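Taken from Swiss-Prot as is:
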BINDING   C66, H70  Cu cation binding site
DOMAIN    159-308  domain 'GAF'
DOMAIN    351-589  domain 'Histidine kinase'
MOD_RES   H354  phosphohistidine
TRANSMEM  24-44  transmembrane segment
TRANSMEM  59-79  transmembrane segment
TRANSMEM  94-114  transmembrane segment
Amino acid sequence: MDGSCDCIEPLWQADDLLVKYQYISDFFIALAYFSIPLELIYFVKKSAFFPYRWVLIQFGAFIVLCGATHLINLWTFAIYTKTIAVVLTVAKAATAVVSCITALMLVHIIPDLLNVKLRERFLKDKADELDREMGIIRTQEETGRHVHMLTHEIRSTLDRHTILRTTLVELGRTLVLAECALWMPTRSGSALQLSHTIYNSAAIGSVVPINLPIVSKVFNSNRVVKIPHTSPLASITADKSRYVPPEVVAIRVPLLHLTNFQINDWPELSAKSFAVMVLMLPPDSAREWRPHERELVEVVADQVAVALSHAAILEESMRARDLLMEQNIALDAARREAEMAICARNDFLAVMNHEMRTPMRAIVSLSSLLLETNLSAEQRLMVETILKSSDLLATLTNDVLDVSKLENGSLELEIAPFNLHSTFTDVVNLIKPVAACKRLSVMVTLAPELPLHAIGDQKRLMQIILNVAGNSIKFTKEGHVSITASMARPDALRGPHEPDYHPVVSDGFFYLAVQVKDTGCGISPQDMPHTFRKFAHPENAGKWNSGSGLGLALSRRFVSLMEGNIWLESEGVGKGCTAMFFVKLGMPEKPNANLRRMAPHPLQPNQGAGGPDALSISIMDSNPRVPRVRYQSSV
């Protein structure tokens with residue numbers, strides 16, 4: 001070896017086999033070290049969000065230096081110069097520095113990398129949870145779709161049996177069931193009867209006692225209840241399982257407001273009755289009931305209950321409609337019969353009206369002719385009384401016979417000025433013969449403030465007073481009858497039993513108050529509500545005091561037309577009776593000054609009854625058994 005060469009000899013010979021392997025290994029190590037930084041550079045370029053770029057730069061420098069060290073080491077397997085040794089030393093020193101710095105930086109980076117791993121796991125868990133939630137959402141959507149479909153099918157009809165059949169078929173198709181059945185309560189309510197199935201129709205009619213523990217368990221829960229496949233409720237099909245028995249669930253179906261639910265003599269069901277729906281999965285399938293399937297069954301059971309209640313309401317409506325049609329037909333027939341009866345009655349009344357008016361006109365004509373002759377004062381008074389009675393009888397005949405006019409409310413008042421005091425005088429002249437026959441005293445008292453003239457219907461007013469006073473005389477055997485007339489005070493216009501009567505006091509009008517008091521048989525509290533009814537007779541009236549029973553009823557109608565009020569008061573049987581009525585009359589603007597105002601005075605029953613030359617007259621009561629009262633003239 002040349003002494004002038006500053007070279008370093010290797011530790012092994014160049015042709016040594018180990019040296020060759022090391023040479024080759026260093027070459028490939030250097031090649032790998034130089035390729036790794038290129039891959040890191042490509043990764044950093046593609047990853048725009050990588051947070052540790054400077055760390056990768058340090059790794060790249062470390063790897064490049066390591067590769068350079070191995071590459072320089074290739075020249076050390078042969079004789080090499082000292083320059084190569086210096087370069088190798090510098091490369092190793094730089095590699096040591098960079099590797100130490102990188103190692104120190106990893107102390108701070110590794111915890112962050114661990115956190116990244118934890119976050120990755122957390123995100124995976126969240127992703128799994130989201131997947132589960134999405135599965136639940138998809139399941140709910142599927143359940144909702146099936147429920148919507150089933151609801152549409154159920155509500156497409158309001159026939160109960162169609163609803164139940166459709167429900168079972170659609171549930172069996174949607175849930176892929178081996179069998180689905182419905183148990184309904186029997187007529188006695190002590191058992192459940194199988195009414196509907198999908199496949200095994202031969203089992204329909206089977207009966208299960210309602211007091212079984214499994215039935216009570218289903219009734220006491222509004223959720224799906226799992227029942228054994230050996231339960232009597234599950235005996236809806238033959239057991240064909242060879243390995244795994246089928247899972248069976250049951251749920252109650254409220255029968256809401258069902259009546260007359262007839263199938264195989266089913267009873268009338270109340271709102272607390274329940275049916276039981278049983279659902280069976282296919283056997284040997286190892287399939288279990290999932291939560292969304294249970295939820296679907298619960299929702300469908302509620303929808304079936306609502307649909308059944310709607311169907312029941314429709315059936316009740318149809319039955320009510322049919323009943324109403326039958327009643328309308330019956331009412332129409334009754335209306336036609338009533339119209340025929342009314343026509344016949346009107347014809348009869350028209351004939352009777354004509355036949356009664358003929359003799360009445362003769363009486364009026366003869367009485368008018370008698371007034372034109374020379375009569376005494378007493379005779380003239382009697383003939384005038386006959387004329388007034390005939391006129392009043394004509395009015396009564398018009399009212400009683402023209403029933404249709406009274407019933408349809410077409411009766412109208414004849415408003416005209418009249419002498420109010422003379423009206424009471426005429427009433428006394430009409431009732432005093434009957435009172436004299438029964439030896440009753442009649443007292444008439446007119447208040448000083450009572451006007452002489454008034455405006456109203458004199459005939460109706462006179463008829464009211466005659467009906468009330470005549471009624472008092474009729475039911476009084478002994479004693480007296482008093483008639484008092486005055487102007488009513490506004491606070492006294494409402495009777496004790498008429499809270500809805502509201503009189504209206506206005507200028508130009510006044511209310512006439514008339515009180516008729518007797519000492520007769522009185523009225524019992526039981527008969528008081530019936531006194532103003534047509535053809536009503538008190539039980540204590542007796543057979544001699546029975547009239548037509550129209551007087552008070554007509555009087556009440558006339559008082560109502562005159563915007564008044566009428567009522568009776570009695571302390572009981574045998575204690576007399578007091579009749580009070582108010583009528584609204586007009587006040588004349590210019591009363592006749594030539595007429596003298598009548599002062600209140602008592603009238604005796606025999607006043608004007610006739611003197612020794614009185615004309616023979618007769619006053620007839622409505623009862624034909626009452627004897628006639630005659631006043632004979634002297635011969």
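In case you wondered, yes, glycine gets a Cβ from its N, Cα and C as well.
If you measure from the Cα atom of H70 (Cu cation binding site) to that of the residue listed as 'phosphohistidine', you get 153 Å. Taking every protein chain shown into account, H70, H354 are the recorded positions, and of these the Cβ with the most other Cβ atoms within 10 Å belongs to H70. Cα-Cα distance from C66 (Cu cation binding site) to H354 (phosphohistidine): 148 Å (rounded to the nearest whole number). In the predicted model, the domain 'Histidine kinase' (351-589) shows an average pLDDT of 80.
For the domain 'GAF' (159-308), the DSSP counts in helix, strand and coil order read 47 helix, 34 strand, 69 coil. A simple way to gauge crowding: the CB of C66 (Cu cation binding site) has 21 other CB atoms within 10 angstroms, across all the protein chains here.
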